[in-house]
């Protein structure tokens with residue numbers, strides 16, 4: 001804090017022209033990569049989304065056009081999937097946050113005195129990454145299938161109706177999404193909480209705030225950068241996820257998300273314009289939601 | 001006393017048999033302390049002496065290993081920090097970085113649901129002359145400004161007991177004087193009890209009614225600043241609170257009125273009332289500004305002590321006064337502060353001199369000074385580095 005006064009010291013401009021040329025040179029590989037693998041496919045996707053079926057063509061043959069009706073069609077055909085995608089992603093984000101915050105708080109704040117424990121717990125958080133995402137989700141499918149030990153036990157204890165299922169329900173999909181994205185929530189939360197200056201919490205309690213108020217008024221606002229980063233890292237991929245909701249994994253016919261619809265349109269129905277239009281909608285919706293979220297959470301100056 | 005309302009007046013603070021242990025070391029051995037309501041009490045000591053721990057115990061940020069804490073007669077040992085009618089000005093200021101200056105100052109008032117929190121916060125900011133920066137974030141303020149905000153944030157709550165943890169450290173001299181005065185005024189106006197923790201002896205002496213000098217987890221001596229300065233009881237106090245010339249020798253004779261000590265063949269007389277010990281090996285001392293420098297051997301006199309001859313080995317001029325260091329064979333070095341009033345000799349290095357002081361200004365200590373620590377040169381870079389390191393270690397331990 002005492003050094004904050006020095007941080008505004010002016011930066012001395014050093015030979016700007018020469019430096020900018022070197023900077024440009026160093027940026028070149030990155031820029032080329034972006035143009036080749038991001039901008040080009042994006043334009044191609046945009047163009048595909050406006051295509052129309054080729055005259056006298058086979059299934060899967062399209063020609064370039066300005067067929068914006070594609071967007072109207074997919075919106076009216078797939079609006080439940082769009083709503084479901086964001087609903088599931090939101091639920092998974094909230095659950096992951098509720099689960100990760102205490103965990104990250106424990107590792108980053110309470111366990112500070114024991115670096116060994118901190119390290120061990122962080123390894124445990126990251127450990128699932130050592131096994132493929134698909135394998136882990138398949139394992140959950142096995143563990144939670146109708147014949148599995150867990151489900152038969154729950155049924156035997158009358159905690160589940162005898163004819164109920166777990167896999168194929170929205171709950172199973174949200175469970176899978178939450179499980180798969182928890183490390184992406186925990187790690188950013190941990191990095192901000194690990195740097196949390198406990199003297200602010202002491203100052204809060206010195207100023208008559210009870211522990212809950214200190215948490216609400218001091219801890220949460222100070223960990224906002226981690227919360228924003230974690231929720232974005234969870235929400236964005238969860239909204240576009242097509243593995244958990246897939247019939248082959250934890251989902252069922254009624255739990256299809258946008259990712260599944262895009263996959264089906266691209267690979268099964270060969271309706272490329274519809275798939276491309278859905279992809280663009282997904283991307284735009286996420287951009288708008290994230291923009292509003294970052295603006296509303298007021299963390300521009302904290303990020 | 002409820003924390004929901006402003007304190008009408010300051011409250012007594014009473015620490016009874018406080019002991020605080022941390023894993024590996026004891027911060028406070030045994031502390032009994034009573035601070036009467038409405039007083040300005042300074043806890044003075046070097047880093048790592050346990051003074052900040054004492055403050056944190058009173059604030060409720062640490063729990064004592066044993067002992068009781070009473071504020072205004074009520075036992076608060078078991079209550080949490082937010083339930084105590086106490087506010088702290090932290091050394092690190094601990095201003096909430098995500099709130100504006102105004103929100104920071106209003107924080108305590110809002111928690112206590114006191115009406116017109118923002119109005120009162122503005123008032124407190126006006127007091128520290130920072131109302132024009134009310135909407136800024138703490139990070140946009142200078143160190144001194146942050147400190148004043150921290151002060152406003154604490155005093156706006158009118159606590160029965162205000163704890164100050166080296167709150168004026170980052171201020172420049174002028175602002176520091178201004179804030180000292182301001183604090184004093186607030187304290188007198190409202191009659192709050194102030195507990196001020198500092199390592200700056202000048203600050204402690206100018207502001208506090210009562211100063212307690214703390215060393216190694218215990219209070220060495222406590223009293224009014226003038227009393228402590230004029231009559232230190234231990235060599236630690238004698239050297240920490242200002243400078244002292246200390247001489248150790250055996251008591252050679254004593255009467256009801258005075259004791260005389262044999263210092264390298266010379267007799268140094270100290271009034272018996274000002275000496276803690278009257279027999280055996282004792283350390284006696286005198287403040288450098290009480291000592292006069294003489295060019296010629298003075299006539300023997302019963303009301304002055306004389307040591308010498310010796311040679312001036314260092315002269316440093318500091319405007320108001322000049323500091324002479326005189327080396328006297330067999331005695332060691334004697335520091336003399338001479339006011340630059342134009343009277344008295346002005347001598348250069350190497351000149352042969354005698355030093356003399358009135359008997360009534362001498363004092364006798366309770367302990368025997370460690371000769372090595374007496375005039376350890378603390379200005380060279382190695383010892384500064386060592387000292388800094390010790391401070392850092394102490395700080396780490398305190399945390």
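Including glycine, each Cβ sits where the backbone N, Cα and C put it.
Heads up, TrEMBL stuff is auto-annotated, nobody curated it.
Of all ranges given (A:86-107, A:240-261), TrEMBL attaches the label transmembrane segment to A:86-107.
Between the stretches A:148-168, A:274-294, TrEMBL puts its transmembrane segment entry on A:274-294. Same-chain residues lying 6 or more positions outside the transmembrane segment (A:274-294) and placing a CB less than 8 Å from one of its CB atoms are 45-46, 48-49, 51, 70-71, 73-75, 77-78, 82, 85-86, 228, 231-232, 235-236, 239-240, 258, 261-262, 265-266, 300, 303. Sequence-distant neighbours of the transmembrane segment (A:119-139) (same chain, 6+ residues past either end, Cβ-Cβ under 8 Å): 103, 106-107, 111, 176, 179-180, 182-183, 186-187, 190, 243-244, 249-250.
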